[in-house]
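Per Swiss-Prot, the features are:
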- 1-18: intramembrane segment (INTRAMEM)
- 29-34, 48-51, 70-74, 129-132: GTP binding site (BINDING)
Amino acid sequence: MGLLEAFLNWLRSLFFKQEMELSLIGLQNAGKTSLVNVVATGGYSEDMIPTVGFNMRKVTKGNVTIKLWDLGGQPRFRSMWERYCRAVSAIVYVVDAADPDNLSVSKSELHDLLSKTSLNGIPLLVLGNKIDKPGALSKEALTDEMGLTSLTDREVCCFMISCKNSTNIDQVIDWLVKHSKSKN
């Protein structure tokens, strides 16, 4: 980054604060909490405890403050997903791209959620996680398996990531920052 660009970014940060609220959803063991930790600290741990209910964490990237709702993915918590997805800047749906056995359930849960009228038009970011594992789907295969091309009522974006290796995490953060709302 050049000196002039750095100065302009600093100047902008004095006058413009950006905020966004996100809901991270997906089936259990997809890597939602790992994603929160990688975005917040850059750290990854193999020993994750399943999220019971939800966790909230605020992360600041540059002049953007991101409020992350990390929602449990077990069947008993899925009914509360809609409540935490209303009025967010974007819905982030995490999929274990190396677990083909759960893709049909994951697709069904996603499409059921997005059919709720309270969520109309909210941008969707689908993250195929665990691409470091053998047999992980490609972006094209995940897009097809999840029926993402049929979602025409909102912006839909898909990235393939690895929380373990931090693969494409910068792209995810860039997408999130671009979808934040200015608060001056």
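For all residues, glycine too, the Cβ spot is worked out from N, Cα and C.
A map of Swiss-Prot features onto the structure.
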residue	record	Cβ contacts under 8 Å, 6 or more apart
LYS32	GTP binding site	LEU24, ILE25, GLY26, THR51, ASP70, LEU71, GLY73, VAL94
ASN129	GTP binding site	ALA30, GLY31, SER34, LEU35, VAL94, VAL95, ASP96, ALA97, ILE161, SER162, CYS163
ASP132	GTP binding site	SER162, LYS164, ASN165, THR167
